[in-house]
Amino acid sequence: MTLPDSRSETGGAAEAPRTYEVRTFGCQMNVHDSERLSGSLEAAGYVRADGTPADIVVINTCAVRENADNKLYGTLGHLASIKREHEGMQIAVGGCLAQKDKDVILQKAPWVDVVFGTHNMGSLPVLLERSRHNGEAQLEILESLEVFPSTLPTRRESTHSGWVSISVGCNNTCTFCIVPALRGKEKDRRPGDILSEIELLVADGAIEVTLLGQNVNSYGVEFGDRLAFGKLLRAAGSIEGLERVRFTSPHPAAFTDDVIDAMAETPNVMPQLHMPLQSGSDRILKAMRRSYRSEKFLGILERVRARIPNAAITTDIIVGFPGETEDDFADTLRVVEEARFASAYTFQYSIRPGTPAATLPDQVPKSVVQERYERLTELQERISGEENAALVGTSIEVLVSSVEGRRDGSNARMSGRAEDNRLVHFDVPAGSALPRPGDVVSVVVTRSAPHFLIAAPAGDVLPVRRTRAGDAFDRAEAESCAIPSHGSALTAAGGGSGTTVNIGLPTRRPGGA
Ligand code: SF4
């Protein structure tokens with residue numbers, strides 16, 4: 001692929017390469033796919049737009065969330081007016097909604113240049129070029145996977161953390177979910193390919209990896225090994241330099257004790273589990289075609305906590321599934337009370353065209369759904385608040401992300417993630433060395449709120465463990481800004497022991513552990 005600039009049209013005058021922006025709607029799978037899209041575009045010579053209007057805007061859509069269509073067409077309407085003023089601008093739409101709607105997008109928004117599906121993300125640069133060359137929109141939707149997403153180039157959003165797909169698609173048939181229709185049957189990557197990719201990420205400076213799949217613990221179904229996911233966790237545990245392993249999402253129906261054993265016995269697998277409940281009512285779980293029941297679900301949590309007492313367990317819950325009665329909802333409240341989730345993603349059920357639940361009778365009126373939703377979030381907020389409050393006074397290790405702020409005149413405040421993935425804001429006392437994104441700090445929890453912890457060092461100075469990930473961040477900063485790397489010379493303002501350097505450049509890499 002050649003550099004997509006306009007040299008050939010301007011007699012060879014050197015012009016800036018074309019810039020791109022990827023906007024992501026949806027889940028972590030989509031965030032990961034967007035990193036691949038960015039990587040494919042950069043491999044083809046495009047550069048990321050930093051604040052200025054991009055020449056290429058790619059929208060990576062999601063069909064799972066409520067109002068996905070409205071959000072897409074609203075965004076496209078806004079982009080239409082920008083495109084009128086911006087010569088040569090191109091708009092591409094990919095992802096689940098593109099896979100589902102296909103040519104509908106071009107009918108509704110004829111100013112879109114490229115529409116591509118979930119199975120051909122790697123074709124985006126070619127489709128953009130072809131559209132520019134031919135002066136017409138390109139639509140390419142494949143029905144099956146050609147290249148596994150993780151084999152495409154990536155532009156990682158964080159130097160210290162990376163995503164690794166272990167499977168795509170799903171063999172389940174939850175009646176509210178569009179994923180099986182759009183992403184197809186589960187396809188598993190070979191364990192060796194996954195481990196090589198993790199090793200490459202670690203060599204590139206990552207110390208944290210999240211294994212991704214629609215249903216991670218059914219990993220291996222394609223090559224006939226029911227214990228493959230637990231084995232994969234243990235194998236990731238032996239990769240030198242990899243400090244934190246996470247995964248999302250498992251499914252309660254197929255969550256076996258060998259996975260719990262692997263989590264408990266592999267030191268770098270973090271004490272965190274996202275376990276989607278969806279409903280506490282067995283009747284509704286059956287209607288959702290979720291093949292576990294609330295008792296089994298609570299049994300899994302009990303066994304996880306018996307082996308990993310400090311595990312933070314989070315969940316997804318849908319309120320107002322068709323036919324949900326007040327009694328069913330009371331079951332959900334009861335299970336939530338018993339489960340003691342650290343936090344929950346709560347959703348109001350809304351009809352997703354193309355899913356079996358869309359045509360079920362007894363859709364619950366919006367006002368009833370809203371009222372139940374508020375009761376559920378109020379309960380979960382209380383539990384999250386209590387669970388976090390129980391951590392006040394404990395010592396935690398925080399992997400620093402790149403967000404940085406100033407709490408008052410002298411102390412800095414930075415943020416990161418604890419081992420259990422809780423968001424932590426911590427103080428950096430005056431005179432302490434500022435940790436870099438990717439470094440690890442030891443702090444004590446001083447206060448809590450339902451959605452985060454506040455922490456501070458036990459002594460006067462912040463204990464910082466400088467990591468390879470922090471070094472990689474420094475290198476990336478130095479390369480992108482062509483300046484000497486920072487690090488130990490930086491101190492929290494007001495300290496007298498180091499030189500405070502302010503070069504006035506924005507931090508380029510967003511964090512996000
Ligand atoms: S397990 Fe159910 S909710 Fe999850 S992706 Fe598969 S069908 Fe959808």
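In case you wondered, yes, glycine gets a Cβ from its N, Cα and C as well.
Automatic, uncurated: that is what TrEMBL annotation is.
What TrEMBL says about this protein:
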| type | residues | note |
| --- | --- | --- |
| DOMAIN | 18-133 | domain 'MTTase N-terminal' |
| BINDING | CYS27, CYS62, CYS96 | [4Fe-4S] cluster 1 binding site |
| DOMAIN | 156-386 | domain 'Radical SAM core' |
| BINDING | CYS170, CYS174, CYS177 | [4Fe-4S] cluster 2 binding site |
| DOMAIN | 389-459 | domain 'TRAM' |
| REGION | 487-513 | region 'Disordered' |
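Each residue in the domain 'MTTase N-terminal' (18-133) gets a DSSP state, and the totals come to 58 helix, 23 strand, 35 coil. Annotation for CYS62 ([4Fe-4S] cluster 1 binding site): same-chain Cβ neighbours under 8 Å, separated by at least 6 residues, are PHE25, GLY26, CYS27, ASN30, ALA68, GLY95, CYS96, LEU97.
The local packing around CYS174 ([4Fe-4S] cluster 2 binding site), expressed as other Cβ atoms within 10 Å of its Cβ over all shown chains, amounts to 21. Among the binding-site residues listed (CYS27, CYS62, CYS96, CYS170, CYS174, CYS177), CYS170, CYS174, CYS177 have a CB atom closer than 6 Å to some atom of ligand 1, in sequence order. For the domain 'MTTase N-terminal' (18-133), the model's average pLDDT works out to 87.
When the neighbouring Cβ atoms lying within 10 Å are counted for each of the binding-site residues (CYS27, CYS96, CYS170, CYS177), the highest count belongs to CYS96. The residues of the domain 'TRAM' (389-459), classed with DSSP into helix (H, G, I), strand (E, B) and coil, number 1 helix, 41 strand, 29 coil. The [4Fe-4S] cluster 2 site is defined by CYS170, CYS174, CYS177, and by the 8 Å test on Cβ atoms against their centroid, the other residues of the chain that qualify are ASN172, THR173, PHE176, ILE178, VAL179, PRO180, GLN214.
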